[in-house]
Every structure is written in C-alpha cells, then in structure tokens.
Amino acid sequence: MRRVLGNRKMVCSFLSQAPLSLAYHKSFTSNYKIKPSPPLNHFSPGFLAPISTPAIRVFCSNPGEVESMASSVLNQGSISYLTQREAAEVDEILMGPLGFSVDQLMELAGLSVATSIAEVYKPNEYTRVLAICGPGNNGGDGLVAARHLYHFGYKPFVCYPKRTQKPLYSGLVTQLESLSIPFLSVDELPVDLSKDFDIIVDAMFGFSFHGAPRPPFDDLIQKLVNLHNYEQVQQKSPVIVSVDIPSGWHVEEGDGGGEGIKPDMLVSLTAPKLCAKKFSGPHHFLGGRFVPPPIAEKYNLCLPQYSGTSMCVRIGKPPQLDISALRENYISPEFLEEQVEADPLDQFHKWFDDAVTAGLKEPNAMALSTTGEDGKPSSRMVLLKGVDKGGFVWYTNYESQKARELSENPHAALLFYWDGLNRQVRVEGSVQKVSDEESEQYFHSRPRGSQIGAIVSKQSTVVPGRHVLHQQYKELEEKYSEEGLIPKPKHWGGYRLQPNRFEFWQGQPSRLHDRLEYSPEEIDGRRIWKIVRLAP
C-alpha cells in the first residue's frame with residue numbers, strides 16, 4: 001500500500017483534495033500517545049502487546065469510531081474495506097508518525113504476495129511466472145515478489161517497461177539481475193501469454209492510480225483480458241494474480257464495464273480496498289502484516305488474524321474443490337535397494353534424523369493402530385519416546401481404549417508420516433509393557449504439569465465438562481506444590497512394540513512411489529532382514 005510517495009505525479013491531484021498535514025500527524029500522535037519503543041524485554045501496552053482473539057480470529061477495534069468506515073465492514077466475516085482516501089491516509093500514517101520506510105513496507109508486501117502464490121500454486125505445477133511491474137510502488141511489490149518466488153523454487157521473468165530511476169527501484173533490479181532472472185521488454189512478450197507462462201503477476205497499478213492506463217500498460221492489460229478468450233476455446237490459460245488492485249479497475253467501484261482483468265487471485269495489502277468486494281475469483285488473500293493497533297482503532301478495522309509466522313491469510317471461504325481432483329506430484333530422490341541400510345532400525349534412525357534436521361513439526365508423532373478381540377481397528381496419534389534394538393516405545397494410560405485393545409490383542413501397527421520429505425514409515429509387531437522402572441524414570445522426566453495431567457486424566461472415560469478437569473488439576477497442583485516428587489499413578493506407563501515388519505515409502509512422480517519392505521528371515525540359524533521392493 002505504499003503508492004503515495006512512489007507515484008507522486010499520479011497522485012498529487014488526489015492528495016491535494018485530501019491534505020494530510022503535519023498538524024494531522026501531530027494530532028494522530030497526540031491522540032494515540034505514540035511513545036519511544038520500550039526495552040526489548042518488555043511489552044508495550046500499545047503497538048507490540050500480544051492481542052488475544054476469540055475463536056473467530058478477527059482483529060477488530062471498538063465499533064463506531066470512524067463513521068465512514070461503518071459501511072465498509074461486511075457482515076460476512078466482518079472484513080473491513082478501505083476507500084481510496086482512507087488507504088492513502090493509512091500509508092501517510094505508516095510512513096509518518098509510525099516510522100515505517102517505503103522499502104520496509106515494499107519488502108513486506110512483496111513477500112506477502114509471494115507467500116500467497118505459494119500457498120495455492122505449487123512450483124512443481126506452476127513453474128514459470130511473469131511479473132508485469134508498473135512504475136510505482138505496486139511495481140516495486142512485484143519486483144520484490146519475483147525475488148522471493150525465485151527463492152521459493154519458481155522460475156520468474158520480469159517485464160518492467162517504465163523503470164523508475166530511484167535508488168530503491170534500481171536496487172531491486174540489481175537484486176533480480178544477480179539471480180539471473182530474465183527481464184523481457186514489451187516487444188519480447190509473446191502475443192499469447194498462455195504459451196510461455198503458468199502464473200502472471202499483475203503489479204502494474206495500485207490504489208493511488210486513477211484515469212486511463214497509458215501505453216504500454218493499456219496493451220499489457222488487454223493481453224491479460226484476452227487470456228479469458230483463450231479459456232473459452234479450451235486452451236490452458238495461466239492464472240492471474242493481482243497485487244492489491246486489479247490493474248485498470250476503479251479503486252472503489254471495481255470493474256465497472258465488466259471488460260477488465262479477471263484475476264484468479266487477489267492479494268490485498270494492509271486491508272482490502274472497496275473494489276475487492278467485486279472480486280469474484282477463487283482466491284482472495286490479505287498480506288502486509290504490519291497494521292498496528294492505533295490504525296486498526298482509528299479506522300475501525302476488522303481483519304483476519306495471521307496464523308503463526310504466516311505472511312498471508314485467506315479472506316473468505318476457500319473455493320469448493322473436487323476432492324477426487326486433489327493430488328500432489330511428488331518430487332523426491334530415488335530410494336534404491338543398494339542405498340539402504342541392512343538393518344531397518346538403522347534406516348529408521350537415518351530418516352528420523354533427516355526429519356529432525358528438516359525442522360518438521362513433531363517428527364516423533366506416529367499413528368498407532370490397535371485391534372481388540374472384536375476385530376474392530378482403531379487409530380490415534382501418539383508420540384514416540386524411545387527407539388532402540390528392543391523396539392519403539394510410547395507412554396499412555398493403562399486403562400485407555402488402546403490399552404484395553406492391546407490386552408486383548410498384543411499386536412499393533414505404527415505409521416510415521418513426514419510430509420515435508422514425502423516419506424512415511426510403517427512398522428508392525430508385537431507389543432508388551434515396559435518395566436515399571438522404565439516407566440517411573442520417564443514419568444519423572446516429564447514437566448510437572450504433564451505429570452499432574454496424567455493423574456487427572458482417566459483417559460477414554462466420560463467427563464461432565466472441561467471445567468471438571470481444570471478443577472481437579474488445580475487441586476492436585478496445590479496438593480503437590482511443596483512436595484518434591486509427584487507419585488506416578490499405577491495406571492500409567494509405557495509400551496514397547498517389537499517390530500517384525502518395516503516398510504519405507506518415498507513419494508515419486510506419476511505415482512511410481514518407492515516402497516521397500518523389510519521382513520525377518522532365518523539363514524543358517526542367523527536372523528537377518530530381507531529387503532524387497534513392493535509395487536506402489
């Protein structure tokens with residue numbers, strides 16, 4: 001959203017109608033008591049304090065603070081939309097009293113665009129990306145996005161016909177050139193863009209642009225419009241991703257004539273503009289994770305909260321998909337018999353270490369499947385807590401469903417799935433309890449809260465409500481507050497699965513997956529593991 005300072009010539013007339021003076025900045029600073037940042041080991045009650053949100057996960061200020069924004073908040077999802085004037089004011093505030101620089105905001109915006117694209121269009125299927133960049137800050141966002149897309153595994157190309165000779169933009173061009181990202185002139189672009197590109201990033205004009213696009217951007221916009229004509233003759237067309245505003249649209253009224261660009265994805269920045277209400281494509285994302293509470297309060301913004309470390313968040317419901325059409329074409333190194341370890345436990349350790357090194361979340365999570373005497377299987381996720389020559393160890397309540405089933409049928413199956421590596425491991429075998437000493441030692445290695453939780457939870461039994469668990473936990477927490485050792489309950493301990501079969505699976509293109517099975521064999525009185533390849 002940083003188009004105001006970057007496109008001074010295009011917006012000077014607009015800003016003259018909406019002056020934002022130093023007095024305004026002082027008024028804003030005074031009203032919201034903006035102070036120097038506190039030491040890093042303290043949270044400010046203003047900008048940096050964590051914001052608790054309800055399950056609906058939207059960030060809303062108190063209602064009614066800005067009357068003009070009341071009509072911009074949709075009941076559906078309670079998402080706020082900015083007018084052109086409000087969008088310009090927000091930029092002025094961000095780059096004025098709030099201390100952001102245009103290059104900071106451009107970097108965040110471009111990263112948001114790239115992560116939004118990667119969220120939907122995977123680089124193994126949508127490889128070739130053309131970023132068409134305009135002369136202002138919207139174009140700068142496109143240049144930044146192209147750089148990040150390169151590092152995400154895409155093959156970007158850039159069309160930047162009206163270069164801005166400012167150090168910021170020259171630096172962005174230099175960064176792309178250092179990555180050998182090709183720059184294409186307008187004349188070098190094919191007449192039919194669908195033949196050479198899978199994704200087209202529309203980063204020509206942002207919210208501060210008004211009037212009719214001039215050459216060569218009028219022809220470039222028409223090229224994107226024509227892509228829908230190719231779709232009508234059943235020719236594959238690249239997807240269009242528009243940055244903040246579909247180029248050529250009116251910022252507030254949208255595509256009035258219905259003859260403009262129809263993007264497949266819109267990445268709104270800071271907050272959606274009014275024209276986004278007219279967007280009918282399948283993917284609408286919000287990016288630019290930098291809105292501080294004072295701006296949200298002043299403009300009564302209600303925005304979805306970003307999850308975890310994500311730089312983008314989907315607005316509205318995801319498109320309805322045909323589940324049968326969901327598929328992933330796995331790209332992995334070959335997994336060959338001559339490369340594997342002779343002992344499956346050694347091979348498991350090797351793959352497990354790879355999962356840990358890759359930073360995968362809970363690489364020790366495994367699906368445990370059991371079957372009681374009734375023959376009905378049941379599965380649940382548990383955590384591996386030990387593996388050695390004796391087998392795979394986990395801990396649980398001995399009065400749970402899984403424990404009852406294991407007492408009736410002491411055989412089980414484990415499944416490890418490491419999505420980031422396209423790998424899974426299946427382990428089958430017999431199960432027995434670990435020794436009391438081993439369970440005792442592990443129980444007291446757990447955090448005290450987990451120890452108390454194990455006592456409170458009569459796993460798999462019916463409880464009247466969550467409040468009962470909290471009350472019992474609180475009582476035990478007080479009971480053991482001064483005691484050094486919390487006694488392990490008799491009904492809690494570990495199990496060990498002794499494996500008699502392993503299968504290592506690695507995803508491959510065209511569903512020709514690698515599956516190597518280990519099974520024990522007796523040869524000359526010696527137990528070895530036989531390795532065979534299974535059809536995928």
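Yeah, the Cβs are placed from backbone N, Cα and C, and that goes for glycine too.
Automatic, uncurated: that is what TrEMBL annotation is.
Keep in mind the model is a prediction, meaning the values are calculated, not measured.
In this view, Gly139 ((6S)-NADPHX binding site) is surrounded by 30 other Cβ atoms within 10 Å of its Cβ, with every protein chain counted. Marked as (6S)-NADPHX binding site by TrEMBL: Asn137, Asn138, Gly139, Gly140, Asp141, Gly206, Phe207, Ser208, Phe209, His210, Gly211, Ala212, Asp244.
What TrEMBL lists as K(+) binding site is Asn138, Asp202, Ser247.
For 87-303, the entry in TrEMBL reads domain 'YjeF N-terminal'.
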Next item on the list: Work out how many Å separate Asn138 (K(+) binding site) and Phe209 ((6S)-NADPHX binding site) at their Cα atoms, rounded off.
Entry: 10
Next item on the list: Can you check how the pLDDT averages out over the domain 'YjeF N-terminal' (87-303)?
Entry: 93
Notebook entry, point to check: C-alpha of Phe209 ((6S)-NADPHX binding site) to C-alpha of Ser247 (K(+) binding site): distance in Å?
Noted result: 9
Next item on the list: Please state how far apart, in Å and to a whole number, the two most distant Cα atoms are among Asn137, Asn138, Gly139, Gly140, Asp141, Gly206, Phe207, Ser208, Phe209, His210, Gly211, Ala212, Asp244, the recorded (6S)-NADPHX-binding residues.
Entry: 21
